[in-house]
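Trainee: One structure, pasted below without further comment.
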Amino acid sequence: MTTARLTINLHSIARNWRALDAMTAAETAAVVKADAYGLGVEPVADALVEAGVRKFFVAVAEEGAAVREAVGPGPMIGVFSGHMEGDAELLRKHGLVPMLNSAQQLKRHLEALPAHPFGIQLDTGMNRLGMEPADWAELRDLVLGQHPVLIMSHLACADEPDHPMNAKQLRAFKQMTDGVHVPRSLSATGGILLGRDYHFDLCRPGIGLYGGLPYEEARPVVTVDLPVIQIRDVAVGETVGYGNSWTARRPSKIATVAAGYADGLHRAIGGGIDAFSAGQPCPVVGRISMDLITVDVTDLKEMPTSLRILNGHQTVDDLAEAAGTIGYEILTSLGSRYSRGYVE
Ligand SMILES: *Cc1c(COP(=O)(O)O)cnc(C)c1O
């Protein structure tokens, strides 16, 4: 092995989708925005179709075109950013369904693609995307006359089950949509875990499919293996890496592996994580460089040729915690330098 290797278990993604699907009586879509959270939208969408997914969501129309390529003509592909200026041709050509976010988008859509399916996104308090209650009150009759295929909103605090915002948004969503005969969707991964009041007709998990919190029971999906470039002896009192941030307290063996913050292993991770050799943890020491990480392998019986930094024991959320961020950001920043392998 000469380059860092990212292995994505498609079987685990399919299992996670099935498990989330089984938690609700609703239909379960799959969110594959940002290149399937950095894991490669074509193989991931392919595997999900195989598992039974019939509805996908992406952030922008360009991503939807790539998903259409991967999944063929059947599945619905929804676009969260709606119908943006210049999108009409992409939406039409690839049969994408925009989730319209404003009066302006509604007008644009009905003018450019009058018979083309669309959904509506409502803002229930997150103030990020979607029509506000006042817009909706005004446009509702017009919209319903055009037969939207979905009405959706998004929860701001679903990863905190006790947060009062959840119930507040649920009330707002019901107020805006009760009695409307259109399929409704409120929940992503976190909302699925909040229970059936939040499920409505369609759920839209993303992170849970890819093995991340808040879905604690998720099967891990990614492993990352880093080739060892060099192993050296370091005497007591010698330091390792930029800023001399680590000092040997015993005669040590330090392995230098080929990956760093340019590969999404954020510099902020600092200490507190391990790299594994055949399951045995070895502490990462010194600062993470752009392309290099140093690991204390003194306690290994045999010197390794590679070390694993992401696995079922040390997950994207463990790395995220060490870096002061969330698993979503670790996944989506893994980047293009890895050689990728897929377990089918
Ligand atoms: C990203 C996103 C999702 C998926 O969220 P997860 O927390 O990854 O499950 C669902 N809906 C919308 C609107 C999103 O932006």
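Sequential numbering from 1, following the chain as shown.
Just so you know, glycine gets a Cβ as well, placed from its N, Cα and C.
Keep in mind that TrEMBL annotations are predicted by a computer and have not been checked by a curator.
Look at TrEMBL and you will find Lys33, Tyr242 tagged as active site, proton acceptor. What TrEMBL lists as substrate binding site is Arg128, Met290. Among the features that TrEMBL reports, domain 'Alanine racemase C-terminal' is placed at 221-343. TrEMBL lists Lys33 with the feature N6-(pyridoxal phosphate)lysine.
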Trainee: Met290 (substrate binding site) has how many other Cβ neighbours within 10 Å of its own Cβ?
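Mentor: Total other Cβ atoms inside 10 Å, all chains included: 10.
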Trainee: Quick check on the recorded positions: of Lys33, Arg128, whose CB has the lowest count of neighbouring CB atoms inside 10 Å?
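Mentor: Each of the recorded positions Lys33, Arg128 was scored by Cβ atoms within 10 Å; lowest is Arg128.
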Trainee: Let's check the environment of Tyr242 (active site, proton acceptor): how many other CB atoms sit within 10 Å of its CB?
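Mentor: If we count other Cβ atoms within 10 Å of Tyr242 (active site, proton acceptor), we arrive at 12.
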Trainee: At the Cα level, what's the spacing in Å between Arg128 (substrate binding site) and Tyr242 (active site, proton acceptor), rounded?
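Mentor: The Cα atom of Arg128 (substrate binding site) is 40 Å away from the Cα atom of Tyr242 (active site, proton acceptor).
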Trainee: Taking the Cα atoms as reference points, how far is Lys33 (active site, proton acceptor) from Met290 (substrate binding site) in Å?
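Mentor: Rounded to the nearest whole number, the Cα-Cα distance is 27 Å.
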Trainee: Given Met290 (substrate binding site) and Tyr242 (active site, proton acceptor), what distance in Å do their CA atoms have, once rounded to a whole number?
Mentor: 11
Trainee: With helix taken as DSSP H, G or I, strand as E or B and everything else coil, how many residues of the domain 'Alanine racemase C-terminal' (221-343) land in each class?
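Mentor: The breakdown for the domain 'Alanine racemase C-terminal' (221-343) reads 23 helix, 47 strand, 53 coil.
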